[in-house]
Amino acid sequence: MNDLISSLNAVMGDEGLGDNLQTVRKVKQLMQSYTSHSQDWSHHAVYHEGTRYTRNLVDDGNGKYNLLILVWGENQSSPIHDHAGSHCMMKLLAGELDEDLFAWPKHETEESGLKLKRTAPLKTNSVAYMHDNIGLHRIGNPSTKHKAVSLHLYSPPYNMCKTFNENTGASAESSCSAERLTRLNSTGGNSSIAAHLHTHSITAISARCQQQQQQQPASSITSFQLSI
């Protein structure tokens, strides 16, 4: 994991991913070349029992990107969401996930359901790329017995995004707040995915997204496909 972070820093430098598709391809190749070993990331994989998923900061990328580990509860998923104009690179470290890709709502002022474009299963060590120009997506853990762990790179980092109602296309502002957490004892409600992988965990930085109540009209964007 440390070698991967060093390589990411070297490739992105002070600019992050920006609009350079060559850099995007290189970063995707780096993510693909890393083979998941739980001892590399288990200390970051803090999970809060009873929540859908947790977002654990691994590296802040000098403010040009951030690298997070997400731990997904059994049979849990994210809301349908955008990425606030950022690049999103995701690698599955353990378990399995499904990605549902949606088209942007057609009209900003008229409510209409979101169109599901495809559903793709993600297996351990697979890498997926997402950008607002491709659409919206939802990530979910289909397993009812096992948690899942994924590594996410966002460039540039963002604190606000939009979540979407699948039936109406209506959007709501969502904030991603970060806090420094220490793993509690067995009665405290915090655990690590490592416990399920027969390894151990330590202090991690975690972030969780909380959806605000204010509803806003559905958004639209001119789409183009990024070939990476």
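The count begins at 1 with the first shown residue.
For all residues, glycine too, the Cβ spot is worked out from N, Cα and C.
Per TrEMBL, the feature Fe cation binding site maps to HIS81, HIS83, HIS137.
Residues HIS81, HIS83, HIS137 make up the record's Fe cation site, and a Cβ search at 8 Å around their centroid adds SER78, ILE80, ASP82, CYS88, MET130, ASP132, LEU136, ARG138, CYS161 from the same chain. The Cβ of HIS83 has fewer other Cβ atoms within 10 Å than any other of the binding-site residues HIS83, HIS137. Cβ neighbour count for HIS81 (Fe cation binding site) (all protein chains, 10 Å cutoff from its Cβ): 22.
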